[in-house]
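According to TrEMBL, the protein carries these features:
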ACT_SITE  GLU178  active site, proton donor/acceptor
BINDING   HIS21, GLU24, HIS116  Zn(2+) binding site
DOMAIN    11-206  domain 'Succinylglutamate desuccinylase/Aspartoacylase catalytic'
DOMAIN    219-300  domain 'AstE/AspA barrel-sandwich hybrid'
Amino acid sequence: MCSLPVPREPLRRVAVTGGTHGNEMSGICLAQHWLQAPAELQRPSFSAVPVLANPAAIAGCRRYVDHDLNRTFTSCFLNSRPTPDDPYEVTRARELNQLLGPKASGRAFDFVLDLHNTTANVGTCLISKSSHEVFAMHLCRHLQLQYPELSCQVFLYQRSGEESYNLDSVAKNGLGLELGPQPQGVLRADIFSRMRTLVATVLDFIELFNQGTAFPAFEMEAYRPVGVVDFPRTEAGNLAGTVHPQLQDRDFQPLQPGAPIFQMFSGEDLLYEGESTVYPVFINEAAYYEKGVAFVQTEKFTFTVPAMPAPIPAPSPAS
């Protein structure tokens, strides 16, 4: 069963959000540009709306002010009674939920594309909640076919029984676009250009769907989290080592039992002691140091994505 119905009507209300994290510059600069020159986001059947998601964090060129905005779109935060002491991002999440949602309602936007950068070497990473997001999976497949040289990897973040928490989850359909490596607070021309091209292709795919294209079923390969690994630390909590050179920059590559994962400051190597092969992602991500995460362990799996029929045209207004 799909967590959301496959869209049966054309997608008309589309948003592209940048700056969910205020130091991820590609999406910020693109959204700022499109707010002044929106023609690039227009298609014959819809016009996407650019949104700067976290203005206060953007102004300070920091990931967030009080709380990670991209972990704040849960019912606990969105539906709780507002107070003057609420963290800035909780208040902002409620504002975005009203603008783009409300979450899980018929009034929500049809599609939200959320733009991110990472310091990790993930290349072009497509982030969705789960394999049940049929429209998002067809979109991911389209991007993979259009850009085979980018090796677009699909990361499905939602664990079984876990509520979705990221910004694009307020819409009926959504996708996170994560490009790296790019340092925080830095804009690289190559990453910026790649993101701009990918956004255009996403909008072109929505237009293709809106114009009556049906898409057949296919087999999809993706990665889902099975755990996280912290850095080795001293009793005081300080780093005792760092990511091993043989693991650094090998996001989405297999990690075998016995392979080195950390190089201790004392000189020895710390080895991966798991019993099975995993695929580390977000290796040495700068934003995850505070979360106690050196890398995320994922497993690779294959699943069938059902066919997506053409939408039913909206009825013409009565003359």
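Heads up, the Cβ atoms here are built off N, Cα and C, so glycines get one too.
All annotation found in TrEMBL is predicted automatically rather than curated by experts.
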Could you check the recorded positions GLU24, GLU178 and say which one's CB has the fewest neighbouring CB atoms inside 10 Å?
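Candidates: the recorded positions GLU24, GLU178. Fewest Cβ atoms within 10 Å: GLU178.
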What number of additional C-beta atoms lies within 10 angstroms of the C-beta atom of HIS21 (Zn(2+) binding site)?
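I count 26 other Cβ atoms within 10 Å of it.
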Tell me, roughly as an integer, the mean pLDDT over the domain 'AstE/AspA barrel-sandwich hybrid' (219-300).
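Taking every residue in the domain 'AstE/AspA barrel-sandwich hybrid' (219-300) and averaging pLDDT yields 98.
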With helix taken as DSSP H, G or I, strand as E or B and everything else coil, how many residues of the domain 'AstE/AspA barrel-sandwich hybrid' (219-300) land in each class?
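Here the numbers are 3 helix, 35 strand, 44 coil.
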Given the Zn(2+) site residues HIS21, GLU24, HIS116, which other residues of that chain have a Cβ within 8 Å of the mean position of their Cβ atoms, reported in sequence order?
GLY19, THR20, ASN23, GLY27, ARG63, ASN70, LEU115, ASN117, THR118, GLU178
Between GLU178 (active site, proton donor/acceptor) and HIS116 (Zn(2+) binding site), what C-alpha distance do you get in Å?
5
